[in-house]
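Remarks on the structure that follows.
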Amino acid sequence: MPGDKVTARRILKMKGSRPIVAVTAYDYPTAWIADEAGVDVILVGDSLGMVVLGYPSTLQVTLDDMVRHTAAVARAAKRPLIVADMPFGSYEPSSSAAVESAVALARVGAEAVKLEGGSEYADRVKAIVDAGIPVMGHLGLTPQRAMRIGGYRPRARGRDEARRLLLDAESLVEAGVFSIVLEFVSEEAAEMVTRRVPVPTICIGSGRRCDGQIIVFHDIVGLSRHTPPFAKKYVDARRIMVEAVTRYAEDVRNGRFPGEEHVVHAKEPLEDIS
């Protein structure tokens, strides 16, 4: 039923049934809107570094940042599954560090965590799952490691990269993930992985053959400075908001705001107060 709480187990069971709808959101108002729209998953992404905090990349995002924004999203959204990104440096040092970071996110409302990387981090995935926290994998273009793996370019367009993608996906499944995000890989490679693994795949810029799709909230509504080519802008909210603030500024400068309807009056005369 649409009103039922979405869990990691429910997402797992959705593979092959109906498309999973996921949105990346970062704060109370965007999460509240996404929940009202009926999405299945809200990802509190470390992309908040660029989208919300103005950083040049995700590398500047800290665990404290993720905890703060995850808590805000969790206060707003009640039905969707809330997944929190594990930021750069929060799980790489050791499995114990990974569990500690995941627990910090779970304590403020994350119902699952997402981490980037393949077989090299399978032990971190297993440790977090063994601690009782569901894990979503992330393969293909992994922004935290984009420079190391050749920059922001499409992945798995050739056989060797596609084979590596599949092996990493299988490794994550063995470690216990309940789903895998495939970012900016060829549609054919995404389709192959989707067919070959038993967990749902959720695409971002990876074509139409996955079990679900995810886009950043700000890209959907037109609030991003730069919309990626694989995203679709459904409304130009930036233009609407600029127009609204411009009208407000004009009203203040011309004495039209506040109006009588915005004013609170005293209950008795105040002129003779000394």
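Cβ coordinates are placed from backbone N, Cα and C, and glycine is handled just like the others.
What Swiss-Prot annotates here:
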ACT_SITE  Glu183  active site, proton acceptor
BINDING   Asp46, Asp85, Glu116  Mg(2+) binding site
BINDING   Asp46, Ser47, Asp85, Lys114  3-methyl-2-oxobutanoate binding site
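Rounded to a whole value, the Cα-Cα separation of Ser47 (3-methyl-2-oxobutanoate binding site) and Asp85 (Mg(2+) binding site) is 9 Å. Comparing Asp85 (Mg(2+) binding site) with the residue listed as 'active site, proton acceptor', their Cα atoms are 14 Å apart once rounded. Asp85 (Mg(2+) binding site): 30 other CB atoms within 10 A of its CB, across all protein chains. Note on Ser47 (3-methyl-2-oxobutanoate binding site): other Cβ atoms within 10 Å of its Cβ, all shown chains, come to 22. In this structure, the C-alpha atom of Glu116 (Mg(2+) binding site) lies 10 angstrom from that of the residue listed as 'active site, proton acceptor'. The secondary structure of the residue listed as 'active site, proton acceptor', as reduced to three states from DSSP, is extended strand. Taking Cβ-Cβ distances under 8 Å and a sequence separation of 6 or more, the neighbours of Lys114 (3-methyl-2-oxobutanoate binding site) in its chain are Leu43, Val83, Ala84, Asp85, Met86, Val135, Met136, Gly137, His138, Val181. The Cβ of Asp46 (Mg(2+) binding site) lies under 8 Å from the Cβ of Thr58, Val61, Asp65, Met66, Asp85, Met86, Pro87, Phe88, Pro143, Gln144, each on the same chain and at least six residues away in sequence.
Local packing around the recorded positions Glu116, Glu183 was summarised as the count of other Cβ atoms within 10 Å of each Cβ; on this measure the leading residue is Glu116.
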